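Annotated features, as they stand in TrEMBL:
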BINDING   GLY43, VAL46, ASN50, SER289, ASN321, LEU386, ASP389, SER390  Na(+) binding site
DISULFID  CYS148-CYS157  disulfide bond
TRANSMEM  37-55  transmembrane segment
TRANSMEM  67-88  transmembrane segment
TRANSMEM  109-136  transmembrane segment
TRANSMEM  233-250  transmembrane segment
TRANSMEM  282-303  transmembrane segment
TRANSMEM  315-339  transmembrane segment
TRANSMEM  374-394  transmembrane segment
TRANSMEM  415-441  transmembrane segment
TRANSMEM  447-468  transmembrane segment
TRANSMEM  488-510  transmembrane segment
TRANSMEM  530-550  transmembrane segment
Amino acid sequence: LTQPVTPDLLVSPSSQDGDLGSECPEDRGNWTGRLDFLLSCIGYCVGLGNVWRFPYRAYTNGGGAFLVPYFIMLAICGIPIFFMELSLGQFSSLGPLAVWKISPLFKGVGMGTILIVSLVAIYYNMIIAYVLFYLFASLTSDLPWQHCGNWWNTDLCLDHHVIKAGNTTFPINTTNTVGPSEEYWSRYVLHIQGSSGIGDPGRIRWNLCLCLLLSWTIVYLCILKGVKSSGKVVYFTATFPYLILVMLLIRGVTLEGAWKGIRFYLTPQFDHLLSSKVWIEAALQIFYSLGVGFGGLLTFASYNTFHQNIYRDTFIVTLGNAITSILAGFAIFSVLGYMSQELGVPVNQVAKAGPGLAFVVYPQAMTMLPLSPFWSFLFFFMLLTLGLDSQFAFMETIVTAVTDEFPYYLRPKKALFSAVICIALFLMGLILTTEGGMYWLVLLDDYSAGFGLMVVVITTCLVVTRVYGIKRFCRDIHMMLGFRPGPYFRACWMVLSPVTMMALLVYNIVKYQPSEYGSYRFPTWAEVLGILMGVLSCLMIPLGMVVAVLREEGTLWERVQQASRPTMDWGPSLEENRTGMYVASLAGSQSPKPLMVHMRKYGGITSYENTAIEVDREMEEEEESMM
């Protein structure tokens, strides 16, 4: 049978080059399973912050009442920006750098994103290294932080087991005492007594160095083949934490005194809602928990098929992330309630956030349970799986961004390039394995993804809605998903989301507080270094503008206008998806009716091509009304 011949008049010159246009996206790779993308997004968003930040933020900001501003901020900031990032990535099939073909003048935003993600990846993997250290330490019959009397303990160490065994009726003054788990963390794991401060890092802790090396090795092996390998790993790393979380929750609520912790966690204090601080804290929790602005969502979406229903996925991931945070709060505070009853102290004296919760308070609570090594192993294995898939996203973002910029050189050697990136970040993270490494980790945590990240997200939102145009962006989504975003999304993108994030940025600057770790105050030079880390990511934006303007021709204003417009090849990456106005932008296309060429070439009208016809008709009507 002979193939039907299409008349030359109905074939655009670009189609005569065979499949050249679809070669690049095929080499780029795609998700291989239907759930790969969804589970990767869930694994990326549900991370360590859900366990060690949300519960603490909730109880310090009104308990159950905190859920009111939390869900309001989720609706205003979280869901709309999440959907915007997914839409940009899926529509263009490009990473965080190349996606700025949408407006080359602002390519510096992508450069700032990569800088932020690189800094975060360095210290985030160090946290995973700490988790691995505790995971291996749990493989014993008696947990090493269970008792005092070890070489790393001091005279201030107070063992709660001794107090309980003594059955004393007199209260013991615990003001100037330290728990064995706290001394294990600071004096054995960190060996922080060997450093006088951030300027005196001391020696490398080789056990931590080996854990960091193992952590980077695991990450590399999982991203070795890009999303084809990491997309399979997340079937385990994104789902198994839920199994462990449910086990810890069931064990926690069955403990004596658990109700004290849960009541402390959820008792609503509605007077807190009158404080602006509570609303800011809710917005910050949403902002960092969903991982918007880091490029991970955009990167993951860029490996989707063009018509993947990301609208549905947005609500599944964002609401699932919120529910996970609330469940984690029950699991954590039920155990803290039991712990406070055992120690005879109020819950607020044992409740902490961040590393203090994961590596001091919760491990100490584990020692009070029967089969404590088993529960400790489960807890740290949960933290490991929670941390790994977030780290996969950070690394995939960096690798994808650079390989999309140099596809012909780097895509064939993506595994080698990934190895180079992992080795480079491992070497830069070696300072975190020193005796004073925790000071550097705190500095990176406080400044690497602070106001710089907010500037990146605000700029992205303004460029898409103001420079590219909200109407054109909604048309792109219409062409991709078959429906146009409603007034809720448009109102959030145009006004509510950028205004809220600007308020966050102003609040962070006005309420700026120098970094500290325990009683240690960072010196001025360290503060300046931290601020420079944040400012550098912001400076990438004007730097990118200068480069983009210099590449254009004409007067300064003409150059700015040309650089702010989308490039000719902006749009869907595969030719069969370039319907409507985007067919005309293909190289060499001269057809006055490119959509008809597209339909004739690919055989008939589909529902999505019908959508493209509607979009074309709307644009013609708008042009006629303007004349």
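Keep in mind that glycine also has a Cβ here, set from the backbone N, Cα and C atoms.
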Long-range neighbours only, meaning 6 or more apart in sequence with Cβ under 8 Å: which ones does VAL46 (Na(+) binding site) have?
ALA238, PRO241, GLY320, ASN321, THR324, LEU386
How about the transmembrane segment (282-303) and the transmembrane segment (233-250): at least 3 CB pairs under 8 Å, pairs 6 or more apart in sequence, or not?
no
So if I exclude everything within five residues of the ends of the transmembrane segment (447-468), which remaining residues of that chain have a CB under 8 angstroms from its CBs? That is, six or more out.
81, 84-85, 88, 102-103, 105-106, 109, 112-113, 116, 119-120, 123, 287-288, 292-294, 493-494, 497-498, 501-502, 504-505, 508-509, 515, 530-531, 533-538, 541, 564, 566
An 8 Å radius from the center of the GLY43, VAL46, ASN50, SER289, ASN321, LEU386, ASP389, SER390 Cβ atoms defines the neighbourhood of the Na(+) site; name the other residues of that chain inside it, in order.
ILE42, TYR44, CYS45, GLY47, LEU48, GLY49, ALA238, THR324
Can you work out which residues elsewhere in the same chain, 6+ from the ends of the transmembrane segment (109-136), have a Cβ less than 8 Å from its Cβ atoms?
48, 96-100, 189, 207-208, 211-212, 214-216, 219, 293-296, 355, 358-359, 363, 376-377, 380-381, 383-384, 387-388, 390-391, 394-395, 397-398, 401-402, 425-426, 428-429, 432-433, 437, 440-441, 444-445, 448-449, 452-453, 455-456, 459-460, 463, 533, 536-538, 540-541, 543-544
Should anything in the same chain at least six residues away from the transmembrane segment (37-55) have a Cβ under 8 Å from its Cβ atoms, list it; otherwise answer none.
31, 127, 227, 230-231, 234-235, 237-239, 241, 265, 285, 288-291, 296-297, 300-301, 303-304, 308, 313, 316-318, 320-321, 324-326, 328-329, 332-333, 353-355, 357-358, 382-383, 386-387, 389-390, 392-393
What same-chain residues lie close to the transmembrane segment (67-88): Cβ under 8 Å, and 6 or more beyond its ends?
58, 99, 102, 273, 278-279, 281-283, 285-287, 290, 292-293, 297-298, 300-301, 310-311, 313-315, 317-318, 322, 326, 457, 460-461, 464, 473, 476-477, 480, 485, 488-489, 492-493, 496-497, 500-501
Just the number: how many Å between the Cα atoms of ASN50 (Na(+) binding site) and CYS148 (disulfide bond)?
31
Rounded to an integer, what is the Cα-Cα distance in Å between GLY43 (Na(+) binding site) and CYS148 (disulfide bond)?
38
Just to verify a number: CA distance, CYS148 (disulfide bond) to SER390 (Na(+) binding site), in angstrom, no decimals.
35
Residue among recorded positions CYS148, CYS157, LEU386 with least C-beta crowding, 10 angstrom cut-off:
CYS157
At a Cβ cut-off of 8 Å, and with pairs 6 or more apart in sequence only, do we get at least 3 pairs between the transmembrane segment (233-250) and the transmembrane segment (374-394), yes or no?
yes
Using a Cβ cut-off under 8 Å and a sequence separation of 6 or more, which residues in the same chain sit near SER289 (Na(+) binding site)?
CYS45, GLY47, GLY49, ASN50, ARG53, PHE54, ASN321, SER325
Across all the protein chains here, work out how many other Cβ atoms are within 10 Å of the Cβ of GLY43 (Na(+) binding site).
28
